[in-house]
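TrEMBL has this to say about the protein:
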| type | residues | note |
| --- | --- | --- |
| DOMAIN | 1-286 | domain 'Acyltransferase 3' |
| TRANSMEM | 73-94 | transmembrane segment |
| TRANSMEM | 106-123 | transmembrane segment |
| TRANSMEM | 130-147 | transmembrane segment |
| TRANSMEM | 204-223 | transmembrane segment |
| TRANSMEM | 244-262 | transmembrane segment |
| TRANSMEM | 268-289 | transmembrane segment |
Amino acid sequence: MRGVAVVLVLLGHAAALPVAYAGRVDMEWIRDLNGVIEPYRIPSLLVLSGLLLPQSLSKPLGTFYWGKIRHIAWPYLVWMCMFALVPGISYLLVYPQFWLGDYGNSLWFLVVLFFCYLTAPVIHLLRIPWWVLAVVSWMACFAFAPLEPVWERQLWWSGFFYAGAAFRPRLETWQERPAQVGGLLGAGALGWALWVAVGEQPVSLTPLAVLGSLIGVALLIWLTPRIESWTPMRWAAHFGRRSIVVYVAHYPFMFALMPTVAGWGASAAVTFAVLSVATLVFIVVLLAVEPHVRFLFVLPNPGRVTPAGHRR
């Protein structure tokens, strides 16, 4: 499921970037299609991360935090610096808000995720139920709106992370639910997605948006064991296992490619297709060479592995 979500993020950027970059009004139909899946992409990524939280918290505190620094903070810093190489983005690096995930920073998800992990051990120590944290996050978002974008984003998306942690003890039972449950969820998720896509409901920051997104994520969780053997899902799982590579690298490449594609004067469909296919090919190549450039995505663990590859 993580692989599907991260590929949908990539395709969403391929749909949105031409509109933002060149004002392509003929891309509206693609943006509408993108709107159908928008309520479920980032919520599913955060719920999945939350599902892994109880297991992560079983580690010693030092190991827990060091792991988050290596796997979240480090690639965030590395790829924020990569933005300095991309014309049209580098000037934003002087703004603190950009580093905190605002001003169109495509890596904002990692800021939200790191903050969730940063506070999780304290919450766990206080024995506050995760579902309470989810509700409090969303209620604070509603009660104090409008907030600064950084805080609004953090409160809104943290709720999905905590919801995932709360759901973890029920995961296996949920996935064994009968087909009737899946059918009802599918109808609800499709209805909500279409309602959002036609502009009748905001995709976030309302109680109804919470419910709509959670219905879709619950459907994806229910579906996962039933479709994971399909060939497209196996490919998606490959992306999901190394989702950090896909997430941090796709947007800088896509943004750097956009001026060239825009200069062709191609149709909306061709622009979207070129951005999507070229970026997917780039990601596949990057995944192939990732073991040789792993330091771009994970902070090396000092004192563990010698240059020859042997443990000390």
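Note: Cβ is positioned from N, Cα and C throughout, glycine not excepted.
Keep in mind the model is a prediction, meaning the values are calculated, not measured.
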Problem - For the transmembrane segment (268-289), distant same-chain residues with Cβ under 8 A (at least six beyond the ends) - result: 7, 10-11, 14-15, 17-18, 24, 26-27, 29-30, 238-239, 242, 245-246, 249-250, 253-254, 257-258, 261-262
Exercise for the section: Quickly jot the same-chain residues contacting the transmembrane segment (130-147) by Cβ under 8 Å, restricted to those at least six beyond its ends, or write none. Expected result: 50, 53, 123, 155-156, 158-160, 162-163, 165-166, 205-207, 210
